[in-house]
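Worksheet: the structure to be examined is printed underneath.
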Amino acid sequence: MAGGGVEDVYGEDRATEEQFVTPWSFSVASGHSLLRDPRHNKGLAFSEAERDAHYLRGLLPPAIVSQEHQEKKIMHNLRQYTVPLQRYIAMMDLQERNERLFYKLLIDNVEELLPVVYTPVVGEACQKYGSIYRRPQGLYISLKDKGKVLEVLKNWPERSIQVIVVTDGERILGLGDLGCQGMGIPVGKLSLYTALGGVRPSACLPITIDVGTNNQTLLDDEYYIGLKQRRATGEEYHELLQEFMNAVKQNYGEKVLVQFEDFANHNAFDLLAKYSKSHLVFNDDIQGTASVVLAGLLAALKVIGGGLADQTYLFLGAGEAGTGIAELIALEMSKHTDLPLDDCRKKIWLV
């Protein structure tokens, strides 16, 4: 037992190592089905013994190619693409057919591939998600599922979920309302949870809550994969979110982390304040970015001297990140001085 007490059923803690498929301590598909199971498929890396044990003879070319050699070939192929979106599609295809190789590639080439599976390329991928859509990733919960959200969660095959990244697609990066096509963000973010944070893929669940979109271009797009209606607001919106949050706790327990991702300002702060009292919640745009920037400021003060309260702070814009940073600076300033929080806020300007 490791990783928060969740049993490592699939051997994911050693995902980047060469491993024998046999003997299995749990049942696994064989033959044609095994080659289409991304969690266990090794491509040409299956040994002679594994090919015999799992009825793979004839289903693969005779060559046996190590994971390292496969990695070398795929990196070579990726570098041939001149269009970044082509690299994104190739990486998503790899994740869907050979999960271990996908994460080995990402871990070993993080500087080169991080911008491909996440920002900035994931932004273009979300804009064109309907056109490049191949296989479903993550869980979609829409207004059609109201009253049945718990049933929808139970359709996800994994039970030991530790992290959920959820978006409603209203403010995807700096691109605005992308509705249901915002799914690329939770999927990409959770790839980073695994590759950089060591959280097992089976413990991660990307979710998009589809309440419609106000993006007329998407509503007119024949390839749009979400609800073709204007975005729900007010009571209808909050009732669905309340049902979702209750269902998450009921299905996965109190220790599951729910990260709110790319919600619009008017909902992001309200949701964080409302559910932080009853759930383990986190907003990366508001809290994660703020903690990194504050760390940078504290490091800079060691060089230039003085304290946070000796400076005046100017922000361009007042989005989730800017407002979150400003509030954390004020809180830290108040903590280390006798100044009330309101006085600390007066040293910060958002323009």
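Placement of Cβ uses the backbone N, Cα and C atoms for every residue, glycine included.
No curator has checked TrEMBL annotations; they are predicted automatically.
The active site, proton acceptor annotation in TrEMBL covers LYS189. Marked as (S)-malate binding site by TrEMBL: ARG171. The feature divalent metal cation binding site is assigned by TrEMBL to GLU261, ASP262, ASP285. Positions annotated as domain 'Malic enzyme N-terminal' by TrEMBL: 95-276.
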Minimum Cα separation from the residue listed as 'active site, proton acceptor', reported as the residue among binding-site residues ARG171, GLU261, ASP262, ASP285 that achieves it: GLU261
Sorted by sequence, non-GLU261, ASP262, ASP285 residues with Cβ within 8 Å of centre, divalent metal cation: THR167, ARG171, ILE185, PHE260, PHE263, ALA268, ASN283, ASP284, GLU320
Neighbourhood of the residue listed as '(S)-malate binding site' by C-beta distance under 8 A, where only residues 6 or more apart in the same chain count: ASP177, ASP262, PHE263, ALA264, ASN265, ALA268, GLU320
PLDDT averaged over every residue in the domain 'Malic enzyme N-terminal' (95-276): 95
Protein Cβ atoms within 10 Å of ASP285 (divalent metal cation binding site), excluding its own: 23
Same chain, 6+ residues apart, C-beta under 8 Å of the C-beta of GLU261 (divalent metal cation binding site), given in sequence order: VAL165, VAL166, THR167, ILE185, PRO186, LYS189, ASN283, ASP284, ASP285
Number of other Cβ atoms within 10 Å of the Cβ of ASP262 (divalent metal cation binding site) across all protein chains: 25
